[in-house]
Amino acid sequence: MGRGNGGKSRTQRKHFQESRENVWKFKRARSDSDPIPFTNPYATQNLAFDHYYKEQGIVSSQEWDAFVQLLRTPLPAAFRINSTSRFCADIRSQLENDFVQSIQAEVVDGDDTEAIIPLPWYPENLAWHSNFSRKQLRKNQTLGRFHEFLKLENEIGNITRQEAVSMIAGWLSACTLLYELTFREFNLCTQMFICYTVCAAPGSKTFQLLEVLHHSTKVGYLPDGMVIANDLDIQRCNLLIHQTKRMCTANLIVTNHEAQHFPGCLLNKNYDKMELDRQAQLLFDRVLCDVPCSGDGTLRKAPDLWRKWNTGTGNGLHNLQVLIAMRGASLLKVGGRMIYSTCSMNPIENEAVVAELSAVEVVGCGYEGKTPSVLRRCGGSIELVDVSSELPQLIRRPGLKSWKVCDKGKWFISCKDVPKFRRNVVLPSMFPNGGIYQDDVDSNCNINIKGDINADVVNGHSEDDVQAVDNPVMHEFAGEVSDFPLEQCMRFVPHDQNTGAFFIAVLQKVSPLPAIQVKPRKEVGKQVDAANQGNDDAQELPVNPLKVNSVTCGKVDFKEAEDPCNVENIPKNTPGKRKLQFQGKWRGIDPVVFFNDDVVINSIKTFYGIDDQFSLDGHLVTRNSDTNHVKRIYYISKSVKEVLELNFSVGQQLKITSVGLKIFERQTSCEGRSAQCAFRITSEGLPLILPHISKQILRASAIDFKHLLQYRAVKFADFVDAKFGESAASLMPGCCVVVLGEGSRAATATLQVDESTIAIGCWKGRASLTVMVGALECQELLKRLLMRLDTVTEKDFCMREDQPSDIKGDESQESNGKNDDVKVTEC
Ligand SMILES: C[S@+](CC[C@H](N)C(=O)[O-])C[C@H]1O[C@@H](n2cnc3c(N)ncnc32)[C@H](O)[C@@H]1O
């Protein structure tokens, strides 16, 4: 869904770049003498819009007023609780038992409207909808506490603000993608699914997918499946990385490709597959194709779209959408499922794309006596899945079977009506029954696919300079009717359940795609070799011009990066801040290198007492091959490891901007140098590794744990439980883990870790313990701890409420108050 900037046209790029934030803020004239009159820049009226959608019949004429009326009102705020958060249950209970009643009583006293409610179709009361817009939440004082709660929990990562319809797509995707159409609850996923989210940034649906993937996994273990999330825009990839970082997942690869040219990572047929006990091509079990779109389903959130709306935007995106969906279908395994979705209401971007993708059509082209059999793109290999009986509480409408195409104010009901000079723009695939233009069929009956994404409808013209010209065609003829079961697509309209608008189709690949020769008119991208852009089912493509690296991944001879980091190495707009990485395969992106330095790995293993169940072998990667300068080490799941190995074998076709979970980070202080192990465990990595370590662990009583969070650094002598202080003093200097437990009395018992375990990374210095968790996280932990431990007497907490006399922390250490990246300062 959403607005893309990959479609090349200026209009598309412009739309994409424009911010969607604060769009309900009206601008004032600059001064009294300002010649520009005060106008409402977001007039929620557009005649072309009204005319177009009335004609397309997306809602009945009786409903029209209610439909547009709601489109003109701001979208209510909605959010989701992150089900993998350790405080998930606490937050849900706070909402159910505190906010629901208090807000109802204070704000909507006497009114029947429910102020905040869980979305009935989302499982386990994890998704919520408020009847207030974000602006109301910000401005209304009574709602202040609730707004603060949302802000803090969102920042910490316990909740995600997300539009309800986007959640529908995410949840449907998660259900249909990960589970065998089990919609009612989170379920154990036993299979190893490889999912691909095609245009994934900012990542809310990818987050949902990962959430479901991780949901049933025991603490300290990883799910079998994995997700590859791709986006064309590198800055938006950053957003996605930031968003998904909160999942602490080792099962994600973020890539940066044009989705229509996503590499297939097909091994050269000369590659000795017998030696490989793994896949020879990157194919996916599930694909989420949430394509760039005109986004008019988000009008309630982005009212500036009213002013800009025109028919050309949707028409101009259609071909890109088909190409992206086709590439997704081609990378899908037979038996696999794909979701096609947009946040547009336009049938040209929705049903037309689905029909082009899936309908089998035998077209008698009728031109010059030739009647070639032309299959629409996938020749019946892709089928629509009927999910109409699923999620019954979710109100949806069937997809349209009939629509027309409007170009520059002229309506067409069939491609046969399109004049020659508009055929580069109005494509046959836009019509319900598709078709071909005679000049697209060469003498061998091959089809040349028309319609560059630079088509002139979006070439800088404002299409709806055209003000709904009354065109006789549209009244005289009904549109074509597709005989393909497009009613199985799902449309979500605002006035059904007070949301934005959305479109979703669930598709299944039932057989390999046919080897149709399609020749794009123009070469649209040069990122990946031609062999990798084709139909990956049709044949094993013989030539892979990218050099196949004969060495194993761990020994690839890369020149090293300057400053290795998954995220930070993405080129930024701050030249000079850090040197760009040019040595890897992908300019500006650091190479991914398997970390195999036995000396370092053994020192880590020994220092923390990591058990053999937690395999480090082949599961560690860095973005720097010079092991002396590696700063961060990332943990990858088995599934991610296999994809990386394949990627190495095919000469690194994947442009990877982020992979795995940051688990260890080099400590750069003088204290760090004196420590036996140069690497500390990161906050993100702690939940995964905690059940597998047996050394450098302390268990603190509630009061000492609370003091650590409060003061951030506590001298050994100042702990309430003297034995705990002694245990801390006896640890090896360096990183350690403090688990909220029963104090030193339980220190010798085996550590039992589950979802409710609360632990933090600390630094054991010469005289004190220092917390290595950001200030915000400490604050949240403290709050949750107090709420959870309300059985602990108040006296316990009051005992040493004052800061101990001389707490300063170790001389060489300080927290910068920022998340886990708290550094021990350099001497
Ligand atoms: C807003 S939507 C995606 C929303 C996303 N699925 C989510 O749930 O958060 C469109 C995204 O498509 C990306 N995009 C546009 N053209 C693309 C292309 N040709 N290939 C890959 N991504 C593209 C844009 O950068 C944008 O992030």
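Note that Cβ sites are derived from N, Cα and C of the backbone, with glycine treated the same way.
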Quick one: which of D98, D231, D386 does TrEMBL put in the S-adenosyl-L-methionine site with C199, A200, A201, P202, G203, S204, K205, D290?
D231
Drop a 10 Å sphere on every Cβ of the recorded positions C199, C343 and tell me which sphere holds the fewest other Cβ atoms.
C199
When you measure from the Cβ of A201 (S-adenosyl-L-methionine binding site), how many other Cβ atoms are you left with inside 10 Å?
25
Rounded to the nearest angstrom, how far is the Cα of D290 (S-adenosyl-L-methionine binding site) from the Cα of C343 (active site, nucleophile)?
9
Mind computing the max CA-CA distance among C199, A200, A201, P202, G203, S204, K205, D231, D290, which the record assigns to S-adenosyl-L-methionine binding, rounded to whole Å?
13
What average pLDDT is reported by the model for the domain 'SAM-dependent MTase RsmB/NOP-type' (198-510)?
82
Near ligand 1, which of the recorded positions C199, K205, D290, C343 are found, taking a Cβ distance under 6 A to any of its atoms?
C199, K205, D290
For D290 (S-adenosyl-L-methionine binding site), the three-state class that DSSP assigns:
strand
